[in-house]
Amino acid sequence: MFEDKPHAEGAAVVAAAGEALQALCQELNLDEGSAAEALDDFTAIRGNYSLEGEVTHWLACSLYVACRKSIIPTVGKGIMEGNCVSLTRILRSAKLSLIQFFSKMKKWMDMSNLPQEFRERIERLERNFEVSTVIFKKYEPIFLDIFQNPYEEPPKLPRSRKQRRIPCSVKDLFNFCWTLFVYTKGNFRMIGDDLVNSYHLLLCCLDLIFANAIMCPNRQDLLNPSFKGLPSDFHTADFTASEEPPCIIAVLCELHDGLLVEAKGIKEHYFKPYISKLFDRKILKGECLLDLSSFTDNSKAVNKEYEEYVLTVGDFDERIFLGADAEEEIGTPRKFTRDTPLGKLTAQANVEYNLQQHFEKKRSFAPSTPLTGRRYLREKEAVITPVASATQSVSRLQSIVAGLKNAPSDQLINIFESCVRNPVENIMKILKGIGETFCQHYTQSTDEQPGSHIDFAVNRLKLAEILYYKILETVMVQETRRLHGMDMSVLLEQDIFHRSLMACCLEIVLFAYSSPRTFPWIIEVLNLQPFYFYKVIEVVIRSEEGLSRDMVKHLNSIEEQILESLAWSHDSALWEALQVSANKVPTCEEVIFPNNFETGNGGNVQGHLPLMPMSPLMHPRVKEVRTDSGSLRRDMQPLSPISVHERYSSPTAGSAKRRLFGEDPPKEMLMDKIITEGTKLKIAPSSSITAENVSILPGQTLLTMATAPVTGTTGHKVTIPLHGVANDAGEITLIPLSMNTNQESKVKSPVSLTAHSLIGASPKQTNLTKAQEVHSTGINRPKRTGSLALFYRKVYHLASVRLRDLCLKLDVSNELRRKIWTCFEFTLVHCPDLMKDRHLDQLLLCAFYIMAKVTKEERTFQEIMKSYRNQPQANSHVYRSVLLKSIPREVVAYNKNINDDFEMIDCDLEDATKTPDCSSGPVKEERGDLIKFYNTIYVGRVKSFALKYDLANQDHMMDAPPLSPFPHIKQQPGSPRRISQQHSIYISPHKNGSGLTPRSALLYKFNGSPSKSLKDINNMIRQGEQRTKKRVIAIDSDAESPAKRVCQENDDVLLKRLQDVVSERANH
């Protein structure tokens, strides 16, 4: 897209642009100020970039930005944004379709580095376009179901002005109904704020027009005689319309994926009063809207009102769908008649394909599957429209909470009452505060979006409260069973847990209704830190079985957003947690479970298949065994490998509010304190308390296998393992561990010990130490646990999945992948400030580039970015707008350390990512592209470490730290696996000892191979495979063969091919 051009040609382009802009401004009747600003912006961008394509298309982008910046004084309101030039007019004059506009506008915003507010405006505009497009595609078939086909009508004959009015045609009715809908939606934005409400508003408009067609004399010819909503006696000769207008809302909801309760609510409480208001204002007239004397006036009045709305408030004229040039102007194919020429059909097919491509890239209504979320998903559901998906999401949500109330159930109340301190009052108080804050912000109009009606806010809140109590009960029942009746006060008294859970339930409800209030809106209005919120996401997914695939993908993408960027903001609670832990960032080896690493230096093959489930048919969200022989009740299974108590662990109940998510001090530090301060220790008799039946009361801390290094008077050190409970008084009660029969040891009475008495420990006690070491090795836990460790465990997992995907696409060796991983871990552990206000992918891409450069296995920046863009989370803003400097001297401090050999240069993309240095927002910060960040900041911090892995420099190689272990991805659970929730069909791997088919076998590709290949295969089968005389390579054989050696040497290529096959299957 971006190429260098000679200066002379550039000057000619600018001159031509000036002429084209002048022509555009004259056609639009634009003011000189906006025109001059648009030309200046275009010239500035043209000086840094070579703009590909039509000049007028880029001018349209520049012109739109200039128009939105202009301020016009008004009589009543003071000022008005914009200059009364709609986007539709600009695009029509520039002959630019909306889809092309959104594509070019994103590039224009990146090149001109427009502020975030403007980007959000374009995103809202694009979403409005998508909602309108989706609804229009539903509008046509519904209209054809109710009324006659407007495209089969004979064309109107030309008539003079003096001729009498003629009745409205079906096409006129089609246009009027849509215009009435978009006008109502635009002026009644509290209803049209999401896809579900907008769709039900459309059904109300259709219901109104149907009622007028039935009630109006001699207008029943407009109706489709086969419509199921017609009165039972409609086809009789003596049919007469009733005095009360008929209502077909229920029929439309049944036939076209509507929600009856929602649609009736909008009709009765909002739509009918608004139509009455239009009659009062004389915008609508007559006893019947379709009457011969009033239809033309009504149509003109509604169109006039809507035009005023577009000029003053709106941006996007949604009547563009009705135009004859809709295909060219917006990309939405019109309903074609049966005699449409073949060429026209081809053009419409191309437009529809472009529209589909646009939606697939945007993925607003069907979120893409995050790389880390695929293990939670169920099987794919049948392909449905976005409207059906949205209404079904609401229906599914309502079915989840059916029969429940927004209050704790009897079972949950019993759990509350079993606590030492009943938390019900505090929970009610928290939920009340959240409800008030939510309703206030949901109904409040802002620059980002209009406020909704209080009834919608209350309805959403009630659904979320019911879901909250349902999930809370499931979590508490599971935790009670897992912990054998342990007191739940410590968890239930943590405000952050309840606030996070309620916020997650509200997000689920908002997503189900396709609300434009997208994440992180909910945590922003509730003032909830992302670093705390992410913990509850996996708990919700695992505990609520009724969540749809799209909902699970949405929640998982939220978790990824937090882990990759939101939790790393400068004001994040993460930095406080790091400060509490003495700024010791845990390594991957310290937080990942020991059995979750790849074995060997190169990694095992199994761990090299991140996205390859045992079967692409189903990704089970929760591990379930559905066989008769091994079925387990769901309510008896643990919610998560990491318990809720562990996620929300706090040292004591008393300090929970102050240190809710502070990193628990390591047990070694606690024991150091015990030794230096001479803490009193008590050993409890085995008859009174054991490690198995101990229960932790509020104010106590469990010490599990803690060790205390004690230096004796002779200078020798001994390690004494402890297993006990610490209380607020500073005393620790030691709990005896169960011993083998030959090592039986009994304590007759509690012995009071101090640290001084422990100094003289005898080496004769080594048997006890060995026994406890054996006991501790059976505990398969990470070296570091707690809130901070959980966060970094998920961060490392997310980064490893993305890096693995990149390496597979770029055919990177396992050795280089581990070096990249080691470098990435180094930046997180030793340079955590590099992540502040930045994105995880930025460090990952830089680590990839520098290690490939050092090891001479170079991949160009263009190759890396091409593979990165194919990842579902990829966004151009990640590599085009990177924080360079928020604190003075940060860049300068490391400029001197840069070596030209490591400078990131890519001719194809260097210009593409060139961003003007400017400040965005009140915080002083300089932003640039990823290349500039790499060259000015990253290399200076990482170069000395990366050079240690330079194979050409043996001196550096001697200092190279060992490569960090790389996490492997757990494969999907074993067979048999259910492939459908509707049918009892299971699959298992084929247990066959025979060998694989040699690669030299015949291959036939459907729609690609000649028929001769198929004939050869058939002949071979008829002959009993006589021609397969070659040696078969057994998959389970241990014998080494040349074929096997070749396969192992090229395992990355083979794995990539397998990966492509799985991806293709998953996408179909």
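In case you wondered, yes, glycine gets a Cβ from its N, Cα and C as well.
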Residue carrying phosphothreonine as stated in Swiss-Prot, selected out of THR369, THR915: THR369
Fewest-neighbour residue among modified residues, criterion Cβ within 10 Å, set SER964, SER1009: SER1009
Residue pair SER964 (phosphoserine), SER1009 (phosphoserine) - Cα distance, angstrom, rounded: 47
For the region 'Domain B' (781-949), the mean pLDDT of the predicted model: 80
